[in-house]
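Lifted from TrEMBL, the feature list:
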DOMAIN    C:67-117  domain 'NADH-Ubiquinone oxidoreductase (complex I) chain 5 N-terminal'
DOMAIN    C:133-420  domain 'NADH:quinone oxidoreductase/Mrp antiporter transmembrane'
TRANSMEM  C:6-23  transmembrane segment
TRANSMEM  C:77-104  transmembrane segment
TRANSMEM  C:116-133  transmembrane segment
TRANSMEM  C:139-158  transmembrane segment
TRANSMEM  C:179-197  transmembrane segment
TRANSMEM  C:279-297  transmembrane segment
TRANSMEM  C:304-326  transmembrane segment
TRANSMEM  C:332-350  transmembrane segment
TRANSMEM  C:370-392  transmembrane segment
TRANSMEM  C:404-425  transmembrane segment
TRANSMEM  C:446-466  transmembrane segment
TRANSMEM  C:486-507  transmembrane segment
Amino acid sequence: MNQLLSLLILIPLVGGVITYLVGRFNKEATKYSALSISIITGILFLLTLTKFNIKIGKYQLVEEYSWLNSIGSQILLGIDGLSATLVGLTILLTIVAIGMSWKKIKKKKKSYYPLLLLLEAGLIGVFLSLDFIIFFIFWEITLIPMFFIIAIWGGERRLYASIKFFIYTHLSSLFLLISIIAIYLHSPIQTFSIPVLTEITQTFSPQLQLMIFIGVFIGFAVKMPIVPFHTWLPDAHVEAPTPGSVMLAGVLLKMGGYVLIRVGYMMLPSAIDLAMPILAIISIVTMFYAGFVAMGQEDLKSLIAYSSVGHMGIVLFGVASMTVYGIAGGIYQMISHGLISALLFSICGMIKKDVGTRKISKLSGLAKETPTLTGILVFGSFAGLGLPSLSGFIAELTVFIGAFSTWEIYTILAIISLIVTASYFIWMLQRTIFGESQLNSKEINWKIEITSLIPLIILIIIFGVYPDLLFDYINPFVKLITSI
Amino acid sequence: MIAFHFLITSIGLVLIGLYGVITLRHPIKILMSIELILNAANINLVAFSTENLIGQGFASLVIAISAAEVCVGLAIVYNLYRLKKDIDVMEVNALKW
Amino acid sequence: MVMEYAWLIPVPLFIVFGINILLNKRLKNRTSGYLATGAVAFSFILSTLIFISSLLTGSKFHGSVTWFQLGEHVIKAGYLIDPVSSLMLLVVSLVSFLVFIYSLEFMEDDRSKPRFFGELALFSGSMTGLVLADNFLLMFIFWELVGLCSYLLIGFWMEKSEAASGSKKAFLITRIGDILMLSGIMLMFTQIGSFGFEETFNSFGQLSGDLQTITLLLLFGGAVGKSAQLPLQVWIPDAMVGPTPVSALIHAATMVKAGVYLLARISPLLSSSPLVTSIIAYFGILTALFGAYSALTQKDIKEILAYSTISHIGFMVFAIGVMGYSASLFHLFNHSAFKALLFLAAGVVITETGKHDITKMGNFWKRGKLVPIATLIGCLSLAGIPPLGGWFSKEMILTATMQGGNYILVSLFILASFLSPIYIFRWYSLIFSTNRRKKVGDKSSGYLMVLPIVALATIAGLAGLFNSSFNEWMPWSLHHGSHAILAIGSTLVVLTGFTLAILIYHLKLIDINRIKENTLFEILHKFSFNALYIDDSYTKLGFKAFSFSILASKFDDKYVDGVINAFGAFGRKVSSKSKSFDDIGIDGVVNGVADSIKFSSSLARKIQTGLVRDYSLWILIGTITILIILKISGG
Amino acid sequence: MQSLMLIISFLVLISALMVILSEDMVHSALFLIFSFGGVGALFLSVGAQFLGAIQILIYTGAVGVMMLLMIYFTSKEGKSIKREGKYSGIVLVGLLGFLILYPSISITREVGGTKGLTQNIGRLLFSDLLIPFEVISIVLLSAIIGATYIIRREDH
């Protein structure tokens, strides 16, 4: 049983094909097929975790198959603390996304669910591959299903948004590719293996590392996204269907963070060392800017989208501090933000279906109309603004503690941005849930959707109260990479 | 005996046969033209088999072949007639791209 | 030992919160209330036992478990029982218990009763958790949860727009303080490597002086936010839109005390930094003056009490600042009793009259004597009239101030305590005194609402008896100095204020309207009524922030996105130019090849007639061609 | 003999031309038979007795009769359809004729010589040409079966 990792990628991939074939016979059956496949993947992931030794920070369960030997590339899969948490997040959010699509996605089901599974396979592939070539292939694969999900099942301006999303992220990944090639060309050994190259790039001169890092930076800055590369995100989110937003905010943004750590931090430490103050300033600007822009939003969904931008700024801030705490907190923040933004986007989609609008100014009196959804919205908002006892707080706390030992003034500025975060969430709540209602909501039965959100809520609370559950995976990894 | 008139005859038959094949539209007539061409070949085979009898033997085989060909060809023509009630080869262009 | 089970105190409350929120609609309205009251009764009994055992034995207890691991550091979570926390536990659970009983009747007709009691239970649980916590991080978590409950409960009546803005204001303003406090905690952690109180106290001295000052000021910032000190006091008056039991419990008796509790907790650190303590003292006394001054002219029955709360917490903070920790805590205890009492009484008045404006009230004395007499005890205690609890705690604070020897502070303190009786007896007289022109409401409140008031009045009345034993029990000793003259003087000042208030508002011997005609008094009145315009300027600032955010979002739309779109447009233009080049040039070549093939193939296609006859024709032509070529090349 | 053969050749060519040109199908079939007969005479003139015999037997007898039979089956009026591209055909064929005739006009070889008796040809067919002979027999067999298959009626 040492093919667990490749199975993790293959099951959704093959499952997508099976789902498509099932869809040719019975359209209704696709969602059951997709759900069962994603759950099987989840079970397999749990099995993988039992084999995973949390005390070791290194890659484990490594699989190696020969592939493009002529250029030194091979299929190399491995899992460590960082990828384990992100793969877990991917699998969970895929199940949630399927739950959120259960009733809402009505057209072209037989191609929708396979795309979702393809997305899952691509994302798992990105997080598990240890070879730059297959990493990059998976990286690009994820764009395709997302593009179609936005372009076919999206809102009114879906074409504009999907093309913007595609061009933006694709262009940025080209910069990443350039950097990868640069690393490859400068390495004395002809290989694309990430673990091998990680050791080689350490020896590069700081100038060279910085040059390479610029490409990597553009790659992850667009993906995460960092101001001023963020403008694709609100458009994509506003136009994407709810499950699309869940996957986009929940996992796709994490690819940026993943590259930041895996390539940026682990491979090019001297470059980050040089760029540290700039990165800190950029991330603080991101936090403040996203906060203020979010405050001015009229659309509930784009407000949440901007909050994502702000939250990912914290990840950059943490990693740029180059401390154990900062990086651990950054990873924690990625997971936490994945859960929270998925929750918020789901709720937002349900509210839109229920009352027919997402305009904040028209939503007043929501509490009277849909008490349950309002409850979850309030919960999500407080989780988003970093209420202690919820997961976001632990992440922010850890990041800021890490950053404090690197910079003091910057950190205090960053902490002040939490007030901005709090104010736009609270002000949004003031305008939505309070007041007399002028809405007429439809009676929609949300049982399945709310059931699929329950794991998110429980995890947000558990990760907020008992952080060791995640830190057990993150800590050894972070200790290993910071000790280099 | 000088070969001249054999040559003239065979060439003449080939040309006439070819002319028939490319201009006529009646399948039976085309078959007739083909028979003329085959005959022209036979004339040459027979006339020039001076050293041994191989040429003549070959010509006898050609005759057998042409008999078979006519047999099948006429069957096709008859079938064509039965299907289309019209035996213009211009109409039988199922081979067209 | 009962102290080991202290961690059980918040547990039933959290469970009740979970039940009430999850089973919201399936739960009967009454059941939810009884459940919550039962849970809080349990916490009350347990807290009382702990308090008694702490009072008798004076022992401490500290229990902890490993919580999580952060890098090198293991973070522990635990609970700490000492005199300070056991006193706070008692205060919190006692007031909670009484307020819960009161709410059973007060909220009887409300449809969202399960939500109300659930949130109230969460509040009590978090507050006890805050008190129990043995480290800064755990304390901060509960600290924020308390803020969340405050937010939810102020906004309980969701359809009111004031509720929305009031709750927002409360959360955001306290959030500012919380952020400061969080910064302080993190700063401390990065230096010391632990969140625990004991570890921090042990190694705090190793930090540099500046760092100590900054950390302590940041922590004090948290207290300023939560305890509504200047300049973050603006949220309390607005918080009064919440249901009255909430005001009594959260915004008078417990939550706002969290800041004082925090300061008392970090008192070992404070005593090493005279700069910080003097800053705290000035903040406290200025807040006390501000609150008392603003309370003088308000009209809303609850807002007067709100400003009074600000003022009295100012006293407590001031007491911390002059190192009178036990004085501060004793005042905290007294204030919890009488302020909860006054709020509950205000609740009775509001339910019975349906009004909030005290200038339109009166004649309340006539409706049964129990509530007015209990309220009178509360007012006397608040005013600092001997021999009630308020007088004792005030005297203790004064003693501590005198030990500091700063006479500016002393005179400010006396001035503030002069104002207390005036505003509170204005309040009392306007509501309760006989006045023929004014009507009394026709509703009457039941025993569930009256009983807690009487109980609180008893406590407020008897609290003074324990002042010396309290002083001994507390970890900090406060010597009663030889300031008897000053004590008598300050009491006289208070009594003067009391007499003045009686003369003006009750006996109406001095006409207040004539005083108002004086320009100076008019200006003073205006400033007092508008609370020095601090709130208004904040609102303006808030609007500025908002308009800035609108600007920012427009900027984002127009410029950031615009730059990208401009790039896009540029790209489109270039591409359209290059497209024409492409069409004619590069594509032209490709298309030319393709077209020529297409053309020739369209010619060739014509050959493919499907007629064998035609094919033979082509064979013929081909043969001819080959022969011609052979002819030519062969010569 | 030589001049007789020339005349026969001439008649063969004329009748072959008439096969192509005559409007009536029956006429052209008859001209075809005549042309076959002429070719048979040419065979005999070079001593190919066996071939001359089977030329007359198979072509004029079997093939010619079959053609006539088929003409009666198929065309009710017995008229052939018009030709196409008369003149361009003539040009092309004339070109080819010129190209072939031009080099072969100078050939002055003797023809004939060996006697094509039946027994000689038979011996040849069963020795040197045995395999082609057997293949031809199979081809004939399959042609017969094929032809029968092609013209069978579907409804039977």
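A Cβ is built for glycine as well, from the same backbone N, Cα and C atoms used for every other residue.
Three or more CB pairs closer than 8 A are found between the transmembrane segment (C:279-297) and the transmembrane segment (C:404-425), so contact between the two stretches is assigned (pairs 6 or more residues apart).
Summarised by DSSP class, the composition of the domain 'NADH-Ubiquinone oxidoreductase (complex I) chain 5 N-terminal' (C:67-117) is 29 helix, 13 strand, 9 coil. Touching of the transmembrane segment (C:304-326) and the transmembrane segment (C:404-425) is concluded from the presence of at least three CB pairs under 8 A, sequence neighbours closer than 6 excluded.
Among C:77-104, C:116-133, C:139-158, C:446-466, C:486-507, C:446-466 has the largest number of CB pairs under 8 A with the transmembrane segment (C:332-350). Listed by sequence, the residues of this chain that lie at least six past the ends of the transmembrane segment (C:77-104) yet keep a Cβ under 8 A from its Cβ atoms are 3, 6-7, 9, 33-34, 36-37, 40-41, 43-44, 46-48, 50-51, 54-55, 58, 60-67, 116-117, 120, 124, 127-128, 131-135, 138, 196-197, 243, 245, 248-249, 253-254, 257, 261, 264-265, 329, 332-333, 336-337, 340, 344, 347, 448-449, 451-453, 455-456, 459, 473-475. Looking just at the domain 'NADH-Ubiquinone oxidoreductase (complex I) chain 5 N-terminal' (C:67-117), the mean pLDDT is 85.
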